[in-house]
Amino acid sequence: MFAAVGAAHRSLWLRPRQNEEPAVVEIKNERLIADLRRLAEFGKYKTGVDRVAFSPADVASRDWLKERLGEIGLLVKQDRLGNVYGAWPDVDRALLIGSHSDTVPRGGWLDGAMGVIYALEVARAFRESGTGVPIGVDVVAFQDEEGTYLPLLGSKSLAGLLSEGDVGHAHRSDGEALTSAIASAGFSGDPIVADRHRLVGFLEGHIEQGPRLLAAGRKIGVVTGFAGTRRMSIKAEGRADHAGTTPMTMRRDAGRAIFAFASWVDSAFSELSGAETVWNIGSATLKPGAPNVVPSRAELALEFRDGDLGRLERMESAVHDKAAGLQRETGLAVSVDVTTRVPPTTTNSKLAEELAEAAADLGEQPMQLASGAGHDCMIIGQTMPAAMFFVPSIGGRSHDIDEDTAEEDIVLGCRVLARAVERLISNELP
């Protein structure tokens, strides 16, 4: 479904190294976990975190991170979106590492945050090693990956893929404008845009947010690519009538039409789907929304994802055909509004190989897997080489306060990232 990494390194996916390679830098396990738990205090909610983009907790957490990056000698800046960037001083080239630090409402403590603290710890370990490096280690904490105002906001800005119009039109689900959130947070400064002459690539560590690594008994998953996404709104327009006096045969019921569509989705998509296709109806609304009124308007939100562009297009075509058929059958106005089209993408094979090599160096047998979720790496990969790896999620849980990963797996992931950075720096990746 996605392009695999190079054939020359295919054996890496089959067996770990017999002897662990020596490390130049030392990851301090207790410090890593302590920093991760400290970050989780910002917006703490029960066993999880509620630190949505531009919230007071988000602002405070970014101030804390800036202090930590400054302490290790990085040149720290923050832009008006809240992106935090720590640049390695006195080098012409650098490898960028990091993730996002915002969360979904009442989310988990590791989603994004783990990758940010990985980056802090790896950069700090390199600074402490005193080893001169030809390539520096830059650190980034992206803003609003979760889409409170605009999905992948920070990485789109860094990649130069965000326009002023995008910023001006973005808003929260309750209508609050992104520009208002920026003002309330007190963020300012020019957008931080990736210096393509300086940055040689990007690496991101993340929790899997799914069950595949645990099911396979693996500790490290190297991401081969990202599923494409289609999001669409299906609407039916009918007529409101008294639900107690209007015969069933005379109704122009938008609700019945939209539920007929919803019932069709599972049967149709089951025939069109592949092994890793997923779909979801995330919301449905009926108006005017009273039990004694026939719905005059109904709408549902549909999303589906797959790594095969052709399959995505066939599924989208089937949705349009079904909507047209429902309109003919019911006499109602049935429409489809495609709100998101994201094509499948692949990670950089060279960087993916280095992540696999790093895991094997540490005695681990890495697993290749595609990501069903979108990540900042997917966006940054449009402007520079980028790759990503996962560590297991307990129970496959994420976007919930029960999200968790075993502490030893968190530590292992950071060591894999550090080893990959070592390898890339020693090879002076062009």
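Cβ coordinates come from backbone N, Cα and C, glycine included.
In TrEMBL, annotation is done automatically, which means it is predicted and not curated.
Together with Asp111, His399, the Zn(2+) 2 site in TrEMBL holds one more listed residue from Glu146, Glu364, Glu422, which is Glu146. In TrEMBL, the Zn(2+) 1 site is described by Asp111, His206, and among His100, His171 the residue recorded at this site is His100.
By neighbour count, meaning other C-beta atoms within 10 Å, the densest spot among the binding-site residues His206, Arg231 is His206. Across the structure, Glu146 (Zn(2+) 2 binding site) and Arg231 (allantoate binding site) are spaced 16 Å apart at their Cα atoms.
Ranking the binding-site residues Arg305, His399 by how many Cβ atoms sit within 10 Å of each one's Cβ puts Arg305 at the top.
One way to see the shell of the Zn(2+) 1 site is to take the Cβ centroid of His100, Asp111, His206; the remaining same-chain residues with a Cβ within 8 Å of it are Ser99, Leu110, Gly112, Ala113, Met114, Gly115, Glu145, Ile207, His375, Asp376. Nearest Cα neighbour of Arg231 (allantoate binding site) among the listed binding-site residues (His100, Asp111, His206, His399): His399.
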